[in-house]
Amino acid sequence: MIRYLAEFYKNDMKSNSEDLLSAILPLMKLLSLTVIGLFLAHPKTQIIPRATFKLLSKLVFALFLPCLIFTELGESITIDSIARWWFIPVNVLISTFVGCLLGLLVVIICRPPPEYQRFTIVMTAFGNTGNLCLAIVGSVCHTSNSPFGPHCHSRGVAYVSFAQWVAVILVYTLVYHMMEPPLQFYEVLEEGTEIEEQRPVNDISRPLLIEAEWPGIEEKETEHSKTPFIARIFNSISSRSTSTFPDIDINGDTSGSSPMSIRCLAEPRVVRKIRIVAEQTPIQHILQPPTIASLLAIIVGTVPQLKSYVFGYDAPLSFITDSLQILAGAMVPSVMLILGGMLAEGPNDSKLGLRTTIGIIVARLLVLPLLGIGIVTLASKLDLLVADDAMYRFVLLLQYTTPSAILLGAIASLRSYAVREASALLFWQHLFALFSLSLYVVVYFKLLPAM
């Protein structure tokens, strides 16, 4: 009996150590790549200049990431799989909603400055469901003893890519307007208390995080992107502050006889205001190279005739697919090198406050993953998930675990709102995420067999 217990204890310890090793090794690989990027971009070494990292980010955005999405999602997706994967985009919405509630709780407890309350909610709610998840999945599936079975990488990339379109729509609609400069703060600047000198759009000193996931952001600025546009539309403001904004007709002048005037005359005032805000929403930016690659992958993957021409060993266009797969292989190392270059720049000065910064980090990196475990476990118990697919559940859990999306830094720059605060917070979040991700990936590996 004693010998049996000793043998069982020995086997259990061996199994636990193997599980721990299979969970830690992939993250150690990503950490090594990040450290290499940090060393190459560090101001004291400057082996690779910042301009090179910006060019690399453009390659990831326009080439490597679209190639990865198209080759993996296109080969894995079918009409049947779309019906089975429905909970992936829904989970993005759930994680965002729960994150908003946590952000509101951080505002109540930590009491950030009034002009940063919406910023606090946004940075708590919207995580990196794209590049970082793809990097983790790629690293986890690269190990020889991966617990996710055959076709691990293809399935993982397909699941992550299938969720991206929801996150992109949220960023370019909801986040874009939530990151609008507060009206009172904007008026203080216009009254001349403190007006910062505008940098040239091609200034090499622009922080790397601003262009890390949205290269060429300076070309996307519009007339109202740096103004409290919604506040002006929906609030009664003084004649003095009104004069500081570009002229926008919201009263529906009926003196003309154009069709626009007739339409405005027939519209209620609230409907007219909503229409004006909708027209100023940069929804056209959704059609970026990664999103276009997702759409093409879904179209090709769900049409058997097209799929047989593009994917498969004997496909006539397989040489093109193979070339795209070679390019896609550069995506994960490039993303981690860029992350290292971003961390090498260090944190900027922030007016957010230490208490609020810690509150956002704790809520986003420690509390939200715990809630995510409960939500995914409940969904599994209700049979809402794909049966016997550990990678499916792992991707769902990762959506609750990653730090705030780097794209939020680009939106902050586009709206000219809390740019330094976003830079500092993203730096500290990604620094602490190295530890929180390691912890939760180990926990997930332990929990997945029971889900």
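Placement of Cβ uses the backbone N, Cα and C atoms for every residue, glycine included.
Predicted automatically and left uncurated, TrEMBL annotations should be read as such.
Per TrEMBL, transmembrane segment is recorded for 20-41 (among others).
The transmembrane segment annotation in TrEMBL covers 53-73 (among others).
Sequence annotations record features per position, and here TrEMBL assigns transmembrane segment to 85-107 (among others). Outside the transmembrane segment (85-107), and at least 6 residues removed from its termini, the chain residues within Cβ reach (under 8 Å) are 117, 120-127, 129, 159, 162-163, 165-167, 170, 356, 359-360, 363-364, 367-368, 371-372, 375-376, 379, 384-386, 392, 395-396, 399-400.
According to TrEMBL, the transmembrane segment annotation covers 119-137 (among others).
The transmembrane segment annotation in TrEMBL covers 157-176 (among others). Within its own chain, the transmembrane segment (157-176) has Cβ neighbours under 8 Å at 68-69, 72-73, 75-77, 85, 88-89, 91-93, 96, 122, 126, 129-130, 133-134, 137-138, 281-283, 285-286, 288, 290-291, 294-295, 297, 391-392, 395, 398-399, 405, 407-408, 411, 414-415, counting only residues six or more beyond its boundaries.
The list of residues near the transmembrane segment (292-312) in space but at least 6 beyond its ends in sequence, with Cβ under 8 angstroms from a Cβ of it, reads 65-67, 69-70, 73-79, 82, 161-162, 164-165, 318, 320-321. Taken from TrEMBL, the feature transmembrane segment covers 292-312 (among others).
Annotation comment: TrEMBL describes 324-344 (among others) as transmembrane segment. Listed by sequence, the residues of this chain that lie at least six past the ends of the transmembrane segment (324-344) yet keep a Cβ under 8 A from its Cβ atoms are 30, 33-43, 48, 50, 53, 56-57, 59-60, 63-65, 67-68, 70-72, 131-132, 134-135, 138-139, 207-209, 212, 406, 426-427, 430-431.
Residues or ranges marked as transmembrane segment in TrEMBL: 356-379 (among others).
Sequence-distant contacts of the transmembrane segment (391-412), counting only residues of its own chain at least 6 positions beyond either end whose CB sits under 8 Å from a CB of the stretch, comprise 85, 87-88, 91-92, 95, 98, 119, 122-124, 126-133, 136-137, 140, 148-149, 152, 155-156, 159-160, 163, 167, 171, 175-176, 179, 207, 209-214, 217, 342, 360, 364-365, 368-369, 371-373, 375-376, 379-380, 385, 418-419, 421-423, 425-426, 429-430, 432-433, 436-437, 440-441, 444, 448, 451. What TrEMBL lists as transmembrane segment is 391-412 (among others).
Sequence annotations record features per position, and here TrEMBL assigns transmembrane segment to 424-445 (among others).
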What same-chain residues lie close to the transmembrane segment (119-137): Cβ under 8 Å, and 6 or more beyond its ends?
26-27, 30, 60, 65, 68, 92, 95-97, 99-100, 102-104, 106-107, 110, 112, 153, 156-157, 160-161, 163-164, 167, 170-171, 175, 178-179, 213, 290, 331-332, 335-336, 352, 356, 359-360, 363-364, 368, 391, 394-395, 398-406, 408, 412, 417-418, 421-422, 425, 437, 441
Could you tell me what the rest of the chain brings near the transmembrane segment (424-445), counting residues at least six beyond its ends with Cβ under 8 Å?
19-20, 22-24, 26-27, 31, 34, 123, 136, 140, 147, 209, 339, 342-343, 345-350, 352, 357, 360-361, 364-366, 369, 373, 394, 397, 401-404, 406, 408-409
